[in-house]
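Peer 1: This structure is in structure tokens; I'll ask about it shortly.
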Amino acid sequence: PNRSKLQDMLANLRDVDELPSLQPSVGSPSRPTSSRLPEHEINRADEVEALTFPPSSGKSFIMGADEALESELGLGELAGLTVANEADSLTYDIANNKDALRKTWNPKFTLRSHFDGIRALAFHPIEPVLITASEDHTLKMWNLQKTAPAKKSTSLDVEPIYTFRAHKGPVLCVVMSSDGEQCYSGGADGLIQGWNTTNPNIDPYDSYDPSVLRGPLLGHTDAVWGLAYSAAHQRLLSCSADGTLRLWNTTEVAPALSVFNDNQELGIPASVDLVSSDPSHMVASFSKGYTSIFNMETQQRILTLESNLDSTNSSCQINRVISHPTLPISITAHEDRHIKFYDNNTGKLIHSMVAHLEAVTSLAVDPNG
């Protein structure tokens with residue numbers, strides 16, 4: 001503040017507290033003292049200094065020593081109070097918890113070669129090998145033991161050891177047999193292709209082996225969304241946008257053994273899986289929100305799982321259904337963000353949870369349950 005404002009402030013203090021007049025003196029360096037200050041404090045008058053308030057207020061004030069200030073303002077017990085900024089402690093806690101919010105995993109392998117989205121993958125049951133299915137019309141086989149250091153990453157780069165070509169459109173799903181000797185893929189072209197898997201130590205630059213392609217399984221007239229392989233019966237299950245589910249004998253290239261939902265009573269099947277607790281049963285989910293269990297031997301629908309269908313709600317679609325590997329439980333992934341668990345014996349819902357911000361499209365359960 002300028003000099004005139006200071007003079008006004010001092011004058012007001014003098015009127016209220018009967019302080020002696022403080023006349024500004026440019027030539028004298030001595031500082032006036034209050035008549036109310038004890039004598040032992042008079043010698044400390046040179047300790048008076050300016051206290052600047054936060055810049056937002058744009059103000060400053062002349063302040064004496066602690067005891068003098070307490071005496072003049074009569075703060076009493078308030079003088080011993082301190083103010084703690086809660087925001088400071090909050091910031092400190094957040095800083096300390098940053099480690100808890102960080103990812104606890106890092107990529108181990110980076111598989112580079114596909115030219116479009118990857119829709120599915122399947123691991124070899126024995127070897128460190130996997131097969132991927134892509135919208136670039138191909139499947140690729142990868143050996144995770146054949147790696148190379150990545151240039152700008154701590155993960156290892158993996159190049160494909162074999163590329164499977166036969167589909168005329170995006171490849172949407174892939175499964176592998178229980179011994180890893182064959183794999184099967186379904187595509188947007190309506191075909192199910194059977195393949196003999198190659199030796200995982202094959203040279204990527206070897207000549208093409210025509211015996212790898214076993215031939216197509218014909219019958220579907222629209223995209224094949226999902227596949228499931230039965231090791232017990234050497235059977236293959238498929239679900240298609242043509243509205244049907246089909247059961248195939250994988251030992252030969254022949255028409256389907258049986259067809260389910262051919263009248264599309266339940267809608268379009270979106271996913272299919274084998275019921276692990278009963279190898280003769282399969283479970284399938286449909287676009288109308290139904291999930292049903294079928295007997296593959298009698299071709300009969302034996303149970304439809306409980307559901308709260310709302311004909312006005314377009315988010316009732318079930319995107320994926322899987323069977324628990326050890327218990328008679330089916331698990332479904334929903335467009336409305338839910339994951340639900342059903343008892344296969346009663347069809348009753350036994351658990352439901354919301355774990356994602358958007359639709360749930362894929363599920364997997366540890367083989368040990």
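We number each residue from 1, going along the chain as drawn.
Backbone N, Cα and C atoms are what each Cβ position is placed from, and that goes for glycine too.
Checked TrEMBL, it gives:
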REGION    14-39  region 'Disordered'
COMPBIAS  22-36  compositional bias 'Polar residues'
REPEAT    111-152  repeat 'WD'
REPEAT    164-196  repeat 'WD'
REPEAT    217-249  repeat 'WD'
Peer 1: Mind checking which residues reach the repeat 'WD' (111-152)? Cβ under 8 Å, same chain, six or more beyond either end.
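Peer 2: For the repeat 'WD' (111-152), the nonlocal Cβ contacts are 158-165, 167-176, 178-180, 183, 185, 187, 195, 197-198, 200-201.
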Peer 1: Could you give me the DSSP helix, strand and coil counts for the repeat 'WD' (111-152)?
Peer 2: 0 helix, 25 strand, 17 coil
Peer 1: DSSP on the repeat 'WD' (217-249): how many residues come out helix, how many strand, how many coil?
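Peer 2: Secondary-structure breakdown of the repeat 'WD' (217-249): 0 helix, 19 strand, 14 coil.
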